[in-house]
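Here is the structure we will look at.
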Amino acid sequence: SGLEPLAWSEDHRVSVSTARSIAVLEQLSDVHSGGQDMVIHRTAVPAPAAACMLKVGPKREVAECKEKFASSVDPTVSQTFMLDRVFNPEGKSLTPMRGFKYSSWSPLGCDANGRCLLAALTMDNRLTIHANLNRLQWVQLVDLTELYGERLLEASYKLCKADAPCGELGDFPEFQRRHSMQTPVRMEWSGICTTQQVKHNNECRDVGSVLLAVLFENGNIAVWQFQLPFLGKESITSCNTIESGISSPSVLSWWEYEHNNRKMSGLIVGSAYGPVKIIPVNLKAVKGYFTLRQPVVLWQEMDQLPVHSIKCIPLYHPYQKCSCSLVVAARGPYVFWCLLLISKAGLNVHNSHVTGLHSLPIVSMTADKQNGTVYTCSSDGKVRQLIPIFTDVALKFEHQLIKLSEVFGSVRTHGIAVSPCGAYLAVITTEGMANGLHPVNKNYQVQFVTLKTFEEAAAQLLESSVQNLFRQVDLTDLVRWKILKDKHIPQFLQEALDKKIESCGSTYFWRFKLFLLRILYQSMQKAPSEVTWRPSHEDAKILISDSPGMGSTEDDQEEGTSKQASKQSLGDTGKGVDIDDTAEDSLHQSSDTGGREPMVEKLLEIQAQIEAVEMHLTREHMKRVLGEVYLHTWITENTSIPTRGVCDFLMSDDGYDDRTARVLIGHILKKMNKQTFPEHCSLCKEILPFTDRKQAVCSNGHIWLRCFLTYQSCQSLVYRRCLLHDSIARHPTPEDPEWIKRLLQGPCTFCDSPVF
């Protein structure tokens, strides 16, 4: 359902607007699974059960006015009122307005877990913000439609005090005006900006904030400012309303431009009649932000080509040697583009249209913000890829056709979205025409198409400026698939990664190496013969390898040829398994000792490499924790972090010689002045020695898991886990100092995943 039913967030979640809910598909690069398929976790944001009634006045007066308009003898009033679903969201004799009209993802780092918020607009005009706080359940944080209605009611439905007094609610034009000024059309999030907050002691501290712009039916734009992390109604800082002056607005997008370390922003608004212009946004108290002095018209012709979608892409101009903004808008079957750059002469605007792309109107458009590639699709199953190429004056587009019919057969397309790093294109499809006939039933599916090769994904991961595996899940998924398919790490990738580790030493490359080794280990594992979750009904419990039903060595030798042939035919139709792989698989599955020993040795070797990389990452994080301890503690102060145990653990290995660690530990031990501050078991009060980074065991055998962020023992029985179940972390407590709370906000030290 809705206008643009697909949206892909920065934290790799795809939202699909439907008639019952927003289905959220989260892509995971699972290191614990040996399957080559994409791993997707699915959750849902349900549609509200009750219809949304906009606040236009006192309830009793509104009910009387509705009855008056419905029974009016003037057909222009009664029919307009009865057929307008904004006035009658519950429907009565009409079909109910169930489902979602539009959804929009915030930037990364806006909710309490440092992930994206979801703004959802229902068909009956309810605008809400949701967060996925406890991993599998979505929670509604605030209803902005209700809050905005209350603000308008307090202001007597006037934007400013100088406005003329509004008319009576019993007048039908006034009734329409009050509804149109709070009926949302679209909403879009800005990037994260910094505001300054004055503390009680008159010190200023930087606080992150994000803006949500909401476009209304009458052309007004409400700009909500939220303090981060967004927790609910109490996190709303302000709400300002801007008059855009555009009649019949259809779409909205943020324009954010950076020039000489000065950030400028505005709102791009498109009309159903054709015009497109940028509206200035005055961001009060936002550090380093500037705005336009007056609106900038990008396209002014009222040519009746409705603006369906707008994307703004920041790029670097290779000829002008400066940053610029590329604005693209879908107008009917055409793509309107506008290049904006600031020079000494002022703001330069170049615009044109790309024609000959589609024979039908564009139903969806998406953009890869890393390289500026734009994708458009029409309902006939044709997707166009537009690549911007700069010229001396402005730019031109190279475009090529992606025929989905060659991949999926005859299909109709309803929406597209590109992944954050441009590795995948998600497409909503239904069956197309067969033998000139439309299908009887429509089955909506979300299809995923790869846009990059494995080599391109690996190169992008190696040269990444983000240096975070979680933010590049779409790229790591392609690498994961290749290693699971070939059962080895390609030589060029291994050599390039080793070179990066030697020259740079960044922990990002160590985490990437750990990821590759874990996937390689999974590819070597023998697949279970039965489904692991299915319960066994056998009375006797025997080892699978010793069970008589598994067949003897002779059976394996006799059936070796048939097994290999069947696997090869499966590979031809399915995953493309090579002949060498199938032979290798049959070698793994044979119970011959000579064939099994090299595989066991290989697995043990990979396991040893995994443990070595994990230990290196653990030591690097221990150094960071000890650095925080040294900076934020006084002499002989108990920090609740097992500082002495961490120091002894780091120095226990004779082969580990890190001068930085030794100097840091020397300073800390001098500060501690022979104090040890050991942890004690909460059950028996015995000392918990620090002998293992993953768990603490007291002398009475009580086992407590250790927090991987602070190395404290988690003795509350309630703790958090990272997204890939790599590690566990404790919850922050009120008595924790700020620096420990900051440590506990960090991602997983092994896979960069957020912690729940």
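Just so it is clear, glycine is given a Cβ too, placed from its N, Cα and C backbone atoms.
Keep in mind that TrEMBL annotations are predicted by a computer and have not been checked by a curator.
The feature domain 'Transcription factor IIIC 90kDa subunit N-terminal' is assigned by TrEMBL to 8-452. The domain 'DUF5921' annotation in TrEMBL covers 453-530. Annotation source TrEMBL lists region 'Disordered' at 543-598. Feature annotation from TrEMBL assigns compositional bias 'Polar residues' to 562-571. What TrEMBL lists as domain 'Transcription factor IIIC putative zinc-finger' is 673-723.
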Mind tallying the domain 'Transcription factor IIIC putative zinc-finger' (673-723) by DSSP state, helix then strand then coil?
0 helix, 16 strand, 35 coil
Tally of DSSP helical, extended and coil residues in the domain 'DUF5921' (453-530):
57 helix, 0 strand, 21 coil
As a test of reading the model: what is the averaged pLDDT for the domain 'Transcription factor IIIC putative zinc-finger' (673-723)?
90
